[in-house]
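Visitor: Residues or ranges marked as region 'Domain I, interacts with DnaA modulators' in Swiss-Prot: 1-75. The region 'Domain II' annotation in Swiss-Prot covers 75-118. Look at Swiss-Prot and you will find 119-335 tagged as region 'Domain III, AAA+ region'. Taken from Swiss-Prot, the feature ATP binding site covers Gly163, Gly165, Lys166, Thr167. The annotation region 'Domain IV, binds dsDNA' is assigned in Swiss-Prot to 336-460 on the grounds of sequence analysis.
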Amino acid sequence: MDISLESLWNQILERLQLQLSRPTFETWIKTATAEAFTEDRLTIRTPNPFARNWIQKYYLKTIADVAHDILGHPVDVQLVIAEGEETPSSEETDLGFAFPPLFRNPSPAPAPQRERMSDLNPKYVFSRYVVGPNNRMAHAACLAVAESPGREFNPLFLCGGVGLGKTHLMQAIGHYRLEICPDSKIFYVSTEQFTNDLIAAIRKDSMQSFREHYRAVDVMLVDDIQFIEGKEYTQEEFFHTFNTLHEAGKQVVLASDRPPSQIPRLQERLCSRFSMGLIADIQPPDLETRMAILQKKAEYENIRLPREVIEYIASSYTSNIRELEGALIRAVAYISISGLPMTVENIAPVLTPTTAKLEASPQTILLAVSDTFGIPIEDLKGNSRRREISVARQVGMYLMRQHTGLSLPKIGEEFGGKDHTTVLYSCEKVADLQRTDPEIAQTLRQLSDRINLASRQTEN
């Protein structure tokens, strides 16, 4: 096959972009360049030895397979290192990534308590947490850890659905420790931030500084640890960070929407370590607990609520505390603007659209995605791997999972008989993009609003 180096490399990049997650592609593949190409050999230049070793270990076969598909015959892929790359000085102070404020520009004297708490939400304290049958064990475990970190439950693994108070409890531990021991080094970080800092450290060749910062803590609070799934190097680095802290008797608290054993593509050794302490499950609150949550929220906001209003809102929102509190805010805002008295009859209209859980039809979703992306429905159901079609198809699968009760195999059938693993991969990829790409996130919000509106109109 007669093809130029530039054309071959562009085609390889295009296909790899579809196969790999965005952070993986931009960190490892996009930074590489095609150096030379003969009939049976492709030479790729990497920016540094670390990148070469990483691509060699995890992505070389994928690149070779893609090149084989394009050329129609096997090709030997060689990796070389760019010449003249300067190694940053060990005294370099600009690491190229933002650590949480606790670690940025440390001074010899201890920082004031308020600076150490700058990454913690001041509202997330134990005194503002409503305890019920659904979260009693998790609350007790967090309080025990806050009083005696690194002893009974280490690590402490909190698991539960979205909006059930995991982050509140984690940060309450941090506030409690700082209150009784102001010099404690408390580190609250999301898994996404850990990954982003790691990527930036690799690019700047600042891994030693990265490790020193992440391992010089007394209590490490890591949120949304489920997002570590499938990120091999992040898992590798977190494994060693975890071991360092645990062996030093430092407390580690993790939060996830599922237990360790149910996190896909999680290294077995990490799963084992996450499970070696206490796993505390948080369930959706019952009616009495939901009413207590609303009452406490109203008290802190100095809002007077009739009992029947509290009971109405608590009965309408059963699974998510964020939605529960959001409904209260909407109701109060509406009454404040309208000047009407706070009654069930007056707030019901503003809560009903959100309360009603409408299920969209697959056709409604296909039409919305087709119109938004300008892609015919038959192409969404087809097998084209053109980037614009693939992205639209993946978004459609994600929205169908969000807005219908269809199983993964059934969603695959709606898209021309795709395998359920393809649907799962698409949903995970779009979920990743939603967190990292503001444009995709906005498109998803607009599509969801459009789908919900169409579903309500159909119901009416």
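Note that Cβ sites are derived from N, Cα and C of the backbone, with glycine treated the same way.
Looking at the shown structure, what environment does each listed feature sit in?
Guide: Mean predicted confidence for the region 'Domain I, interacts with DnaA modulators' (1-75): the pLDDT average there is 84.
DSSP assigns Gly165 (ATP binding site) to coil in the three-state reduction, outside any helix or strand. Over all protein chains present, the Cβ of Gly165 (ATP binding site) has 24 other Cβ atoms lying within 10 Å.
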Visitor: Count the Cβ atoms, other than its own, that fall within 10 Å of the Cβ of Lys166 (ATP binding site), considering every protein chain shown.
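Guide: A 10 Å sphere around the Cβ of Lys166 (ATP binding site) contains 25 other Cβ atoms.
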Visitor: For the region 'Domain IV, binds dsDNA' (336-460), DSSP counts of helix, strand and coil?
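Guide: Helix/strand/coil tally for the region 'Domain IV, binds dsDNA' (336-460): 94 helix, 0 strand, 31 coil.
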Visitor: Have a look around Thr167 (ATP binding site) and count the other CB atoms within 10 A of its CB, chains all included.
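Guide: Counting Cβ neighbours of Thr167 (ATP binding site) within 10 Å gives 18.
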Visitor: I want the residues beyond Gly163, Gly165, Lys166, Thr167 whose C-beta is within 8 angstroms of the mean position of the ATP site's C-beta atoms, in chain order.
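Guide: Neighbours within 8 Å of the Cβ centroid, excluding Gly163, Gly165, Lys166, Thr167: Gly160, Val162, Leu164, His168, Leu169, Ala255, Ile282, Ile321, Arg322.
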Visitor: Does Gly163 (ATP binding site) have same-chain partners at least 6 apart in sequence with Cβ under 8 Å from its own Cβ, and which are they?
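Guide: Those within reach of Gly163 (ATP binding site), by Cβ under 8 Å and sequence separation of 6 or more, are Asn320, Ile321, Arg322, Glu323.
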